[in-house]
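I have placed the structure first, in the form of structure tokens, so that the comments after it can refer back to it.
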Amino acid sequence: MEKQRLKAQLSSLRVPLFSVPWPEQCSNKAEVVEARMMKWADEHNLLVTDEYRNRVIRTRYGLLAARCYPNAGDELLQVIADYLVWFFLIDDLFVDCVEVATDETIRNLTAMVDVLDLNVSGSPPVFGELAWLDVCQRLRRLLQVEAFERFAQGMRLWATTAALQILNHLRPTSVSIREYQTIRRHTSGMNPCTSLADAANKGSVQACEFYNADVQTLVRQTNNIVCWANDIQSLRIEIHQPGQFRNMVTIYAQQGQSLQDAVETAATRVNKEIASFCELANAFTARDISHELHGFIDGLKYWIRGYLDWVVHDTLRYADQFIESDADDRRFSAPDLSLLNNSCSSVTESTRSLV
């Protein structure tokens, strides 16, 4: 009933554009990174059918990496692109585009946490686990220990707050905006992404800099801007998902607003958050701060602008013409693990060479 009421308002929906006062950036390695990312996804059996492969091709995750990390070294940029294609596919297949909860949900998510905690895969591995181990081992080699742990903690919170998101969708009505924002802040996967912003620019910041209160406010604002804008931009496809479909816009609609008014309310919040980010970033960078911290704050800006440009110029992830085919992944939700097992030994050998 809730979904049907929302779907009835989609045909006339107007989605706003967002802008920020700093220029577009993109690595000149974007196309190479995209091609290598597709090859890597193939080698790790992430592209479960030709239909799914075509979806990934038109989504352009390598371009997202190139826009959000324009100054990253070649090796780091590639592992980030590989991480992004892995994350979007796993998030869709484990959480968003399948039933709210399945028999495999707990096993799948705990396997991802175990890779972070134990630095090994299970036997047998779940879908995507060997690819995830490969990403983590490459990042461990490229990042300082504490910097990797920031990334890892963000991913642990993604896996664990997914359970809160599932609980919210098992309720007859959604939790409030405040509770939703807490869940969204971590299920988005933005914290692992922003944790790489320093290494991808001018080098790792010290822990005392990263955890500075103003810096953490900038990180949260970056997270909010991307997540809340995405709640608007992905609204049409998310409403058609069989499992997770509630977001900031639908919660405002649940409170009595029309869907268009709910979009405008969310958009106003995005624009206010952009203004607050700009004010704090300008004030903070006017201080005597380290070269690396300047690079980190630049990296947050790259993520905001890079994501917004990716949605407008590159990706078809949220395109209307693919809603019917892309919103429901239940037919892909239990990929044949024999695909993984057939290549398990070769992938494991290539992974070991990275340690």
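Quick reminder: no glycine exception, Cβ is built from N, Cα and C everywhere.
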Q. Looking at 91-96, 295-300, 301-306, which one does Swiss-Prot call motif 'DDXXXD motif'?
A. 91-96
Q: Taking the Cβ of PHE88 (site 'Plays a critical role in the stabilization of intermediate cation') as the centre, count every other Cβ atom within 10 Å, in any protein chain shown.
A: 17
Q: Determine, using Cα-Cα distances only, which of these binding-site residues is closest to ASP92 (site 'Plays a critical role for substrate recognition'): ARG184, ASN230, SER234, GLU238.
A: GLU238
(Q) Which secondary structure state does DSSP assign to SER234 (Mg(2+) 3 binding site), in the simple three-class scheme? (A) coil
Q. Near the Mg(2+) 3 site, what residues other than ASN230, SER234, GLU238 in the same chain have a C-beta no further than 8 Å from the centroid of the listed C-beta atoms?
A. ASP231, ILE232, GLN233, LEU235, ILE237, ASN247, TYR318
Q | Per-residue Cβ crowding (10 Å cut-off), top of binding-site residues ASN230, SER234 | A | ASN230
Q: Could you tell me which of these recorded positions, ASP91, ASP92, GLU238, has the fewest other Cβ atoms within 10 Å of its Cβ?
A: ASP91
Q | Cβ neighbour count within 10 Å of ARG184 (substrate binding site) | A | 23
